[in-house]
Amino acid sequence: MSDSEESVQTMPVHAKRQRVSLIRHNEDSGDDTDDVSSTVSTLQDDSLCDTPSSIASRSKAKKKTKPKPKFKCSNWVKEDHKKPLFGVLFNTFAVDPLLFITVGHNRVSVYECLSDGKIKLLQAYADPCPDENYYCGAWTFDDESGQSLIAAAGLRGIIRIISPVTQTCVKHFVGHGAAVNELKVHPNDHNMLLSVSRDNTMRLWNIKMSYCVVIFGGVDGHRDEVLSADFNIDGRKLISCGMDHSLRMWRVDTDVIQQAIRDSYTYNAIKEKAPFPTYGENFPDFSTRDIHRNYVDCVRWLGDFVLSKSCENCIILWKAGSLEERSWRVKEGRVSMLHRFDYRDCDIWYMRFSLDAQQKSPTGFTGGDLWFALRLSVSLSVCQSVSQSVSQSVSQSVTLFWILR
């Protein structure tokens, strides 16, 4: 090895770089210089192996790729009225065939999910008033015949009960003074239908006997439009939310309300020569405005906990009172926030979410995506989006057992 090669191998890195520049300008040298040039070039590569660019390339190689969703959109349909759809609801009482309804404009449409992933339109019901705009719907059934029934309501405040079997509107209920924003069926008594209205009240109807049993609202009720409500799993509790930024919990298992429900099955208005004595519940058992700072447009029970959302790009998991409190009646306004599920691009109101039996929570999205908060027992911080080519907002999500097909 020449003396020049030995000097190159022992010189510092900054000296090597200087030597390289000198050698590159001496292209007309002899063989010894060429040997040195090739040797320096090799050492130059070795000397740069620990530079930041090399470290960045190694870290980039180690970066894990984001897993793709294990589900995808199998089909889609577009209704010819070209107006917003405010709800998609599956019939969970009869899963064969797999049916769902859509509500929007003045129409209620019934679809079937086929085994090959296609969607088939079965029926479409149009309201006789062209100005009607259905905001919500719900599935229930006749406890005598077992036939499925559809409840739908919207802008005009009229609740219509539709029978897909006879393909007729079998009943309708008038009582609210403004639009109906949501309908909920009692989990234990499927004749009991709760309607949530813009007139600041909620009404519990016996759709079998055609009576309004209870009115929730009044002195200490909501002070503005009620947007959403939900029964807990055993139907003993009711929670509501609205445009007054508040969430209010009501008892349904009180003696007076339970007696009113029983009386609604036996009361004979013709014999009594008087309308059914509707009970008015003016006082909730709990109320708070400390969870959200804007309209609270959706709320759902999760065991003894509550999931609620506003137009703040998040869903809050919370509990009334402290975590240790087991009693139902708790100190006014005292809450325990457990977790905040963050997502993005959902900062407009009336975007609703729903829960399924596997404790997964999808929510609407203004750009056409659906966001999923993963199973709560596994992770409290991971949200996953499912992007589809939808240009309009998703106002109410559907249950996961269909989305995941």
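In case you wondered, yes, glycine gets a Cβ from its N, Cα and C as well.
As recorded in TrEMBL:
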type	residues	note
COMPBIAS	36-58	compositional bias 'Low complexity'
COMPBIAS	59-68	compositional bias 'Basic residues'
REGION	1-68	region 'Disordered'
REPEAT	173-208	repeat 'WD'
REPEAT	219-260	repeat 'WD'
Rounded mean pLDDT for the residues that make up the repeat 'WD' (219-260):
95
For the repeat 'WD' (173-208), residues assigned helix / strand / coil by DSSP
0 helix, 19 strand, 17 coil
For the repeat 'WD' (219-260), give the DSSP counts of helix residues, strand residues and coil residues.
6 helix, 17 strand, 19 coil
